[in-house]
Structure formats: structure tokens, C-alpha cells
Amino acid sequence: MTFLAIDVGNTRLKWAMYDAPKPGAAVLAHGAEFLDHIERLADSAWAGLPAPTRMLGCVVAGDAVRRRVMEQMEWWDVPSHWVVPSAEEAGLVNGYDHPTRLGSDRWVAMIGARHRLLRQGPARPLVVVMVGTAVTVEAIDAEGRFLGGLILPGHGIMLRALESGTAGLHVPTGEVKLFPTNTSDALTSGGTYAIAGAVERMVQHVIQHCGEEPACMMTGGAGWKMAPSMTRPFDLIENLIFEGLLAIAAERFR
């Protein structure tokens, strides 16, 4: 039974074909496409793939983009399933005031992180950071309850906001420095430390609430840029959303 996982973010669609809908399944093929080029999938990346038996995806880019993805899947004749956050799924309890309003990417990534944590050892609190166009910082207690999370602009959005709202800041991308001595480095360092500070504050909240140090995981396309600037060790995971989709699929499609 083959399984297609799809993650439709704000700028790109990422996909992976697995040999089974369960954690630990082998990857048969994978790829990514910018949202502007979704219509290429059926005739290019997906053209030589066998029809998946099952499909599960999450989308944050809106219904119009989701419909475009479904059109590319029509020739496979496989039912499409999309994650909508609920009160509880795959061992994670949703603490959001209105569970269905939580971003599906956040929900799926947290499920992936929780399952990865339990495979590694005993349950403990968890902080999950997803670094992309936007940055999310989630807190989960040892019992598997999502306590709440932060949303803040990603590094690119911060820089564009400063460039558009401030005269004279159209400068090349700089480096992260302890004591920046030019505008490029000051902008890059400021954005990086703003994100790192939000993460550190959430970690402290979890310690105060749960009474113990949380495990810390980071994912997302820009995670590798942030990891060296964190004040504590983070496990850098390539794609927690795919891991979450596999965990959900194992329960839904068994």
C-alpha cells in the first residue's frame, strides 16, 4: 500500500511517496514545487509515479490552492484526504480555544514531534519550532496536551517590513554577529535574535508550567539557519509535517 504525503505551505508544495502509511515507512520518491508552478506536477514530477493507494495532506495556502493540487491528482483516481485540526488525534490533545482554527501545519508538525519524542524515550514536555515564511513556537506537556503557541514573522518578512517602512535600509543580507558593526549584519542579527528570544521565552514558560526541561525540536526550511543561534540544544528535523502525516495516516488508514 503506497502513501502520498503532501505539505502545502505558504510558498511551496512539498510531497513524498512512501511504501506504507505508517511511521518509519521507506521513501520511494519526494520533491517540491513553488505554488506558482503546481500545474506542472502531473506532467513532470508525478508523471512517472505509480498511483498511491492512500493520500493525506495539510494545506495552509487556502482552498483555491488545495483545489489546484487536487486537479493534479485526478488522473490517479485516489481519494484525497486533508487534515483539519480536531480536539484530539494521534495521541495529541488540542488546547486551542477553537481547535479547528489551529493551522493544520502546526497541528501535524506537533503530532510528528510528539511521536518522535515517544520513540526516543519517556514522555516529557516538548517545544516545537517551525521556521518558514512565518515562525511558530508550540508548547506540549508530558501528557500530550498542546498548551498553546506563538506565531511571529519569519526572517524574510521582518527584513521586508523594515525595508519598506524605513528609509535607507535596502542593504545586502548580512551575517549573525554578537556585536554587529554594519547595517546588513545588524538587520540579520536582529531578526535572528528576535526569533531566538521568542523561543527561549516559551521554553521558560514550559519549565515554569511543567516543572521540568522540555525536549526541543526545530523544523522548517529555514531551521538550519536558526539552530546555531539558539541558547539551548535543538534537534533539527528535516520535515516534522511528513512525520506527523505518517502518524495520522497509520491511525486513519489501518
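Glycine residues also receive a Cβ, built from the backbone N, Cα and C atoms like all the rest.
Among the candidates Thr53, Thr100, Thr133, the residue that Swiss-Prot names alongside Asp7, Val8, Gly9, Asn10, Thr11, Arg12, Leu13, Lys14 for the ATP site is Thr133. Checked against Ser104 (substrate binding site), the binding-site residues Asp7, Thr11, Leu13, Thr133 differ in C-alpha distance, with Asp7 being the nearest. Long-range neighbours of Thr11 (ATP binding site) (same chain, six or more residues apart, CB within less than 8 Å of its CB): Phe34, Leu35, Gly132, Thr133. Taking the mean position of the Cβ atoms of Asp7, Val8, Gly9, Asn10, Thr11, Arg12, Leu13, Lys14, Thr133 as the ATP site, the remaining residues of that chain whose Cβ falls within 8 Å of it are Ala32, Leu35, Val60, Ala61, Gly132.
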